[in-house]
Every structure is written in C-alpha cells, then in structure tokens.
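Chemist: Sharing the features that Swiss-Prot gives for it:
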BINDING   Cys27, Cys30, Cys46, Cys49  Zn(2+) binding site
DOMAIN    23-292  domain 'CoA carboxyltransferase N-terminal'
ZN_FING   27-49  zinc finger
Amino acid sequence: MSWIERIKSNITPTRKASIPEGVWTKCDSCGQVLYRAELERNLEVCPKCDHHMRMSARNRLHSLLDEGSLVELGSELEPKDVLKFRDSKKYKDRLASAQKETGEKDALVVMKGTLYAMPVVAAAFEFSFMGGSMGSVVGARFVRAVEQALEDNCPLICFSASGGARMQEALMSLMQMAKTSAALAKMQERGLPYISVLTDPTMGGVSASFAMLGDLNIAEPKALIGFAGPRVIEQTVREKLPPGFQRSEFLIEKGAIDMIVRRPEMRLKLASILAKLMNLPAPVAVSEAPHEGVVVPPAPDQEPEA
C-alpha cells in the first residue's frame, strides 16, 4: 500500500461558520466584538466600555416617548435642489443616495407623543443623512416642532447630531440658524421649556443656533461639541489643543453645558426635569419586565462551546 492510500479518510477540512451580515458589530472605542441585538437593547451603548455609539433618529425617539403615543410631524416636507448645486456630485443625486441609504427624506425627524404620560414634542437628527446637515427642510421641521409645542402648550426636546449647515443649500441653509432661533424665542415668551440634548457630534451652524439655546443643555458622555473641528482650530492657532478639547467633559468644566447624562438614564432624567419645570408630579420609574435571555451566537473569532 502506497503512502497516498494510507491517508486517513475521516479528516475533513475546517468549515468557516456562515455569519449573516449585520449580526455582529465592533465598538469604535474599545474594539470589542458585540452582538448587534444585545447592543440595540442597550441603546447603542457598549456594555464593555460604555462608549455611546451613534443612534438613528427613529430609534432615539422610539426609546424616548411612550409606546403607542408617537405621531410624526412634517413628514410631507421634502428637500428641493433649487440652486441646481453641483460639487463632485449633483446635490439631487446626493439627496437620492442619502434617502435610499437611510429611508428618511431629510436629516431631522419630529414626533409628538407622551413622556411618562406628559405631552411633549421631540426632534432628533439622523446623522447618517448627509452628516445630519441642516438645510431648509431641517429648519422647517424644527419650526413645525416649535409650533406644535406652542399649540399643545408642552415642552420641546431636541437631540442634535450634525456637522452643521448644508453647503449645497448655501445661504438658504444659513438662514435656518436665524429662523430656528426666532422660533425658540416664542417658546421663551410663552414660558415653555426647551431642552437641547447634544450628542456626538454637534458642530457648525447647528451648535451655533438652536442646539445651544436650550433652557437646559444636556450632553451625552464624550460627545464632540463645537463650531469648527479640532483639526481646523489647530491649523488656525498653530498650537496643540488640550486632551479632550470640545468633548462634553471639557465643556462642562468650562460651564458651556449644564449636565452630562448617560443614554440609559436620559429618559427618566428628562421626564423628571420637565415635570419640575411644568409643575407636574414627578414621574415614577417603572421597572420593566425582565427580557428573555438573548442567545448570543459565538463571535466570529470565537469557537462554539462544547
């Protein structure tokens, strides 16, 4: 018998496990491989290092408002390429691509509903839509949110995540800074609370307008907040910036924001603050029914347990 015939027939090559796309993701901060379903249940906060990942506008609003109370506002408003703007790509093509990728018509989603049974209007930025940039539709939807809050005599909450004004709309995008700020002046005249929640990142024209005009400005941990980015500032002043510059922890030390709140604690914290400001009874934290255990499949670099 030759040596070829003596090869053991029961030896089979190792098969790589087939892992569907989107089941696993990696933490941007600590690099830990995380099970997507478990991460979503944890509101996109890494359970290993507490890094707050970016969250979609709809998921944020659904996690904030009481189930079954949400009504979307301003969904009929759509962006138009009035200037026929073109850089390396036509603006209308950028819009079509962003709409297909995110399922949103523009970068701001507005809903009214209840928060611990208290009527509120809430808005949230979709950063995946052209970097959460502010154009005419974002400004119009924000004003619609203010008008609804005035009509319902209730508070307004806005979660910002934006790179600033949308350059493809030129002066029309810059006009939204004044437009939104003027609308908020009406909230102040009526004595209705406006709470601004700054998430990572909140920059440019958004940070220079309604994002910093809250009766309370609350930030998530380690959120980048400012007007120009750190690299631009370093190139301008020709100096090395201090560690953590423009992060929420740096800003609270300088008195630029009022508090930092972790995302899992945000809902109850907002409800408690608004109840005080509206002279309503404090919300009672209801313990949720325990979730069924999530069956976590082995990570791509792990072997199944015997």
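Glycine is no exception: its Cβ is also placed from the backbone N, Cα and C atoms.
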Chemist: Among all protein chains shown, how many Cβ atoms are found within 10 Å of the Cβ of Cys49 (Zn(2+) binding site), not counting that one?
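Modeler: Its Cβ shell of radius 10 Å holds 12 other Cβ atoms.
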Chemist: Within 8 Å of the Cβ centroid of the Zn(2+) site residues Cys27, Cys30, Cys46, Cys49, which other residues of the same chain have their Cβ?
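Modeler: Checked against the 8 Å cutoff, the neighbours are Asp28, Ser29, Gly31, Gln32, Leu34, Pro47, Lys48, Asp50, His51.
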Chemist: List nothing but the one residue from Cys27, Cys30, Cys46 whose Cβ has the fewest other Cβ atoms within 10 Å; the candidates are the binding-site residues.
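Modeler: Result for the binding-site residues Cys27, Cys30, Cys46: minimum number of other Cβ atoms within 10 Å at Cys30.
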Chemist: State the three-class DSSP label for Cys46 (Zn(2+) binding site), counting H, G and I as helix, E and B as strand, and everything else as coil.
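Modeler: DSSP assigns Cys46 (Zn(2+) binding site) to coil.
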Chemist: Reduced to three states, what secondary structure does DSSP give Cys27 (Zn(2+) binding site)?
Modeler: coil
